[in-house]
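First the structure, in the form of C-alpha cells, and then the observations on it.
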Amino acid sequence: MASPLPLLYLCLAALHLAGARDATPTEEHTSTARGLQGRPPDTGQPSPALEDWEEASEWTSWFNVDHPGGDGDFESLAAIRFYYGPARVCPRPLALEARTTDWALPAAMGERVHANPERGFWCLNREQPRGRRCSNYHVRFRCPLEAAWGAWGAWGLCSKSCGLGRRLRRRSCQSSSGDTCPGSPQEAQKCVRSRCPGCSSDTCGCPNHILLGSVVTPSGRPLSGARVSLRTRPGTIATSGTHGTFQVPGVCAGSKASVSAQMNGFSAGTAQAHANSSNTATVTIILEELGKPYLVKHPESRVREAGQNVTFCCKASGTPMPKKYSWFHNGTLLDRRQQGSGPHLELQGLHQAQAGEYHCKAWNEAGTVRSRAALLTILAPGQQACDPRPQEHLIKLPDDCGQPGGGPTYLDVGLCADTRCPGPVGSGPRCGDAGSRCCSVLRLESRDIRCSGYVLPVKVVAECGCRKCLPRRGLVRGRVVAADSGEPLRFARILLGRAPIGFTSYQGDFTIEVPPATERLVVTFVDPSGDFVDSVRVLPFDPRGAGVYHEIRALRKAAAVLLDAERGGEIPLGSTEEAPALGELVLPPGTFHHPDGRPYTGPVEARVTFVDPRDLASASAASSDLRFLDSAGELAPLRTYGMFAVDLRAPGSTEQLHVARADVHVDADHVRMPGHAEALALWSLDPETGLWEEEGSEQGSGGFRRETAAARVRREERAFLVGALTMRERRLFNLDVPERRRCFVKVRAYGTDRFAPAEQVQGVVVTLLNLEPAPGFTANPRAWGRFDSAVTGPNGACVPAFCDAEKPDAYTAFVTAALGGEELEAAPSRPRATAAVVGVAQPYLERLGYQRTDHDDPALKRTGFRLNLARPRAGHESEAHGPVYPWRRLRDCEDAPVTDSHFRFSRVEADKYEYDVVPFHEGAPASWTGDLLAWWPNPQEFRACFLKVRLQGPQEYMVRSHNAGGTHEATRGRLYGLRDTRSVRHPERPGASAACVEFKCGGMLFDQRQVDRTLVTVTPQGSCRRVAVNTLLQDYLARHPPLAAADDPAAFAMLAPLDALGHNYGVYTVTDQSPRLAKEIAIGRCFDGSSDGFSREMKADAGTAVTFQCREPPARPSLFQRLLENPSSALGDIRREMGQATRYSRVNQTQAGDTGPFGPGQ
C-alpha cells in the first residue's frame, strides 16, 4: 500500500491553487496593460532582467505551475513555493513579471490579469472579452539581495513584578540570501514597578512551599543526573532523578523563580517557575545536546582599490549558537581589541599591506570551526582590475574549414578573464557587494572564415571591461535509485540540512538550487515507504554556476530481526557467505524506551543495515564524505571499518524506539594496521552538517577497549574490541579511524582523446576510492577505506586522498569520472603507460604504477584507472609539479598550469561537433555575451531543443543541423550555429540508427522584443533522401505558418516551434538553469523516445520526427581492375591525384610560418 504522505502534499498544493482561484478581482491590484507589478515595463525597452535597479535585487527563474483550465490560469506564490521549494522565492518579493509561453506581455494579449508580488498572478476566464480565454502564463519575481532589519516588535513584559526591571523588544533580519544584518536583534529598556516589600521570597523563603521540576530534551526525553540551581542560590540545590524529575522545598509558589540546569554534553538551560497551586510551583527545563559549530556563511573574496573599505562576513550555527569569532590575516590572529570578536570584519582606508587571505574561526562550548579563506585584492592607483585585451580562447572550426591535409583547425575568439572588479564607491558595512561588477565583454567584432563552398561568420571578443556581474547559481540535478535493483525512489522527501525543500519525481529525478555562499551541500533523501535507509549525501557542485548531475544510490534496509525487549539480542555486522561478520551489535535487555523516555517492553523489530567496505560496490551507497571537525576546527578525513543504520520499532508501529546503551563488538582480526586498534572509535552522522561526530567524546568514552574471549564468556577463542553508544533519533553510525597522511590528486577532463587544452570539460564529477594497501603490508581485509569527489572547473579538479612517502604502494586508489549519465574514458596504459598519453612525467609515472581498468584484459571497461598514491618526495624535480600534491599545497594544485603533470579523462561521445557564431562556454555561464545571434538568449534560463532523426542504412551517419534566423527582422537568414551528431545504431536492428540533433529553440531573442522561429535545416551527410515526416509534427507546422521551403529531398527544414511539443512529435525540449544539464536530460529523453524517461541506449524506432533512407555509394574499382579495363583513364587519374598532392604540399610549406588567426591543433 502506498504511503499517504505524497497524497497529503498533493492535496495541500491543490488547496494553494484553489485559494488563488477563490480570490476576487477587488482584493488585489488589477492590470490590463502591465506584466510587471511593482515597476511597469516599457514595452519598447529591454526586459527588466537586464536593467539596473536602484535596489540591490535580482530576478528569479521563470515558474509555471498551472495551465489554463476551466477558470483560468493561476500562478500563486504559495503553489510555486510548494512545487519548487521555499528557497526558490524570497519571503517578500519586490516585483512580479508575467509573460505568456510565447513571451508576450499581457498588454499585448489584451487580457485582464491580476498580479501581486506577495500573492502571485492569476487570470480569470470570466473577466476576458467575449470569445477569449486566458493564455498560458509563466511568472518570475524580483527579490532583494541585501539584508535589512524589519520593524521593531512590541515591548515585552517587565522582568520584575516589583522594583526595577527591564523589558525587551525584538526585530528580525530579512534576507533572501542568508546574509546577516549589522547590529543587535533586540533592544532593552528599564521598567519600574511598585516598591517591593521588605521581606521577599528570595530572602525569606516559604517553608511550606515546594518546587516540582523536570529536565528533558527538546523531543521530551528525560535527562537524569542534571545539576539544578536557582539564580538566588549559588551551587547545586538538586539533581534530576531517573525520570528527569527533581524537588526543591522552600521555594515560594508565586515567586516566578528562575531555575537553571546543567549537564555534561548539553548546553545550560533556564526556565521560569509557575504556580500550580497555592503552595506548589512547577518548571520544565529543556536542555539541548551540545552541537559543534558549523559555518553557514563563509567570507567571500573581494577586490578593492587602495583607500576603499571592505567588510568580510562569517556566520556559524551550533548548540549553543556561537557568539565568539576570531579573524585571521594570512594566518595571523588579528587584535580583538581593534577588530572586535563579532561575525563581521570591517576594514577602512585599505592599503597594500592589508591584501592577502582572511578567514574566521567561530567558537562555542562544543568546539571550534574554521572558515575557508577569502582573498582580498587591493589595486594600486591606476591599476586595472580587468585587462581590456582578451585572453586566448580557441574554438574548433568545422572540418571543411581546415587546411588541406592538416589536422583540426582552431580559431582564437578571445575570452575575458574571470575576475571581479571593485565597486564604484567601495563597500559599506554590509556583507554582500550589491553592485558587484565583473570582467566581461564590452565589444565584439565580426569575422568571416572561408570554408569549402561557404563563408562561416563568427564574432570574436575585441575588448573587455568591468560590467555588472551576472548572477551565479550553483545547480545540482540527479536521480535517486535503489542500489540493488536500480528502481527509482519515487516521491522521496528532500531535506537541505533539516529543512524540507521538495520531493523527487515519479522517475526519482530532483533539482536543487544551491543557496548562496554554500561550502558543503548536505542533502538527505527520505523514502516515504520506509524500505530504504535515509541517504545523506554531500553533493559536489560548481560554485561558478555550471550544473552538475549526480546519481544517488539508496541502500535498502536489511530484513527485520525479531527481538524481546526484556531479553535483548545480538545482531551480526556484515555477515555474508563469502566473509565472516566484522562484528556484532549487542542490545542489552531492559534498555529499550519510547522517544519520550517511557520504558518499552514487548517484541522489537530490529533492522540493522551494514555498509561493508570489503565489498567494493558498497562505496556508491555509502553516506556522507567521511569527514569530521578536528580540534583546530578544520575538516579532517576518516577511514572507515564499516557503517551501519539501526531501525528499532514495535511490530506494526511507525514510532522509532531508542536504546539507552548498546555495545558494538569488533573482531580484532579485522583491525591489523598499527595504531588503528587504539584509534578506532564509534561515530554518528549529523544529517544537518554531513559531518561525523564521535560518540561519547564529551565523556571520553568514544573509543574501544580490548576484551578477550574468556572475559566475554564466548565459546570461540577470539579477541574483540568493545565500544558503547546511545541510539537516538535517525542517525547512521560508523566505525572509523582518523587519518593524517593526506594528499591531493590532480585530474582534468577533455572533450576528446587528443587532450587539447582548449577542449577541457567542466562540471565532470571525479570520484576517488581509497583502496587497501598492497599485499605484503600490514593491511586490513577490506576493499576500500574512504571515498571523495570533486567537480572539474576551468583548471581541472583536486581530489583528496590518503598517501605515503616512504612506500609508494602503501596506498592505492581507483579513480572514475562522469558527466551526467556518461562515464568518461581514462588515458590508456596498454601495452605500457607513456608520459605523453597519461599526462604524468617520468620517472614519477613509473613510481605511481598507473593502470587503466582494461590494462590486463582488453574486454573490460575503460572508465577508470588505478594508481599508487606515492607522496611526492622533496628534492625530486619530476615529482614537484603533480599530479600528487601534499595536503598543504592545495593552492598549488588548484592553480597548476595545464603543462604540469595530471591524470586525464576524455569523453567517449567524440562524434559530435558544435559551433556558435557568438562563442559561449557552457561550463562557465558567466562567459555569456548579450547578442542577437547568441544561441542562448537568456543567461538565467537555458532551453535545449533536440530533433530525433531516424536513418535506414547499413552504417552510422553524421547529421548536421543548420540554424539561422527565421522570422525575426534583424536575424532573418543569419547563422546562429551548427550542430553535427553521428547516429547511434539500434542494438537489436543492424539496419537502423538514429541521431538526436540539437537545434536552436524558437522564442525571444536577447532583446526580449520579438519572437524568432529559427529556420532549422537537418541534413544527413551521405547519400540519403527523406522518406517520412512525423504526422503530428507535420500537422503542427501546417497549423503554425509560415512553412519552411521543403524542396530538397535530401534535407528536412522547419521553422522551430515555440511550444515544447514532446516525444509524440519527435521534438524534445528541456529548460534548466544550466545549459549542460538541459542538454544532457534532453538527450537522455531523446534516446529513450519518451518525454519523462532517460536512456543511454538508442531506441531508434521510438519518438522520431523524420526518417531518411540512406544507401552506400557504389564501391570504386581497384587500381589493378581499372588498369585492365581502361588503362589511359586510370593513368590520367593517377597524374591528377599526384598533381593535387604536390600543390597541397606547397601550400602547407608556405603557410607553415604564418597561421594568421588560426591556432595549430594540439
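In case you wondered, yes, glycine gets a Cβ from its N, Cα and C as well.
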Original post:
Can you tell which of CYS313, CYS314, CYS401 is bonded to CYS360 by a disulfide, based on Swiss-Prot?
Top reply: CYS314
**OP:** Have a look at ASN309, ASN330 and find the one that Swiss-Prot tags as N-linked glycosylation site.
**Re:** ASN330
Original post:
Swiss-Prot pairs CYS158 with one of CYS134, CYS173, CYS181, CYS191 in a disulfide bond, so which one is it?
Top reply: CYS191
Original post:
How many other Cβ atoms are found within 10 Å of the Cβ atom of ASN330 (N-linked glycosylation site), counting all protein chains shown?
Top reply: 11
**OP:** Measure from the Cα of CYS181 (disulfide bond) to the Cα of every one of the disulfide-bonded residues CYS158, CYS162, CYS314, then give the nearest.
**Re:** CYS314
Subject >> Nearest of the recorded positions (CYS314, ASN330, CYS360) to CYS158 (disulfide bond) - Cα to Cα >> reply: CYS314
Original post:
What's the most sparsely packed of the disulfide-bonded residues CYS162, CYS191, CYS314, counting other C-beta atoms within 10 A?
Top reply: CYS162
**OP:** Could you check which of the recorded positions (CYS191, ASN330, CYS360) sits closest to CYS173 (disulfide bond), going Cα to Cα?
**Re:** CYS360
**OP:** Identify which of the disulfide-bonded residues CYS158, CYS173, CYS181, CYS360 has its Cβ surrounded by the largest number of other Cβ atoms within 10 Å, counting every protein chain shown.
**Re:** CYS360
**OP:** Determine, to the nearest whole angstrom, how far the Cα atom of ASN330 (N-linked glycosylation site) is from the Cα atom of CYS360 (disulfide bond).
**Re:** 11
Original post:
What are the DSSP helix, strand and coil residue counts for the domain 'Ig-like C2-type' (293-377)?
Top reply: 7 helix, 47 strand, 31 coil
Original post:
Of the disulfide-bonded residues CYS191, CYS314, CYS360, which one sits closest to CYS162 (disulfide bond) when you measure Cα to Cα?
Top reply: CYS191
Original post:
Mean pLDDT over the domain 'Ig-like C2-type' (293-377): what is the value?
Top reply: 88
Subject >> Between CYS191 (disulfide bond) and CYS314 (disulfide bond): CA-CA distance (Å) >> reply: 35
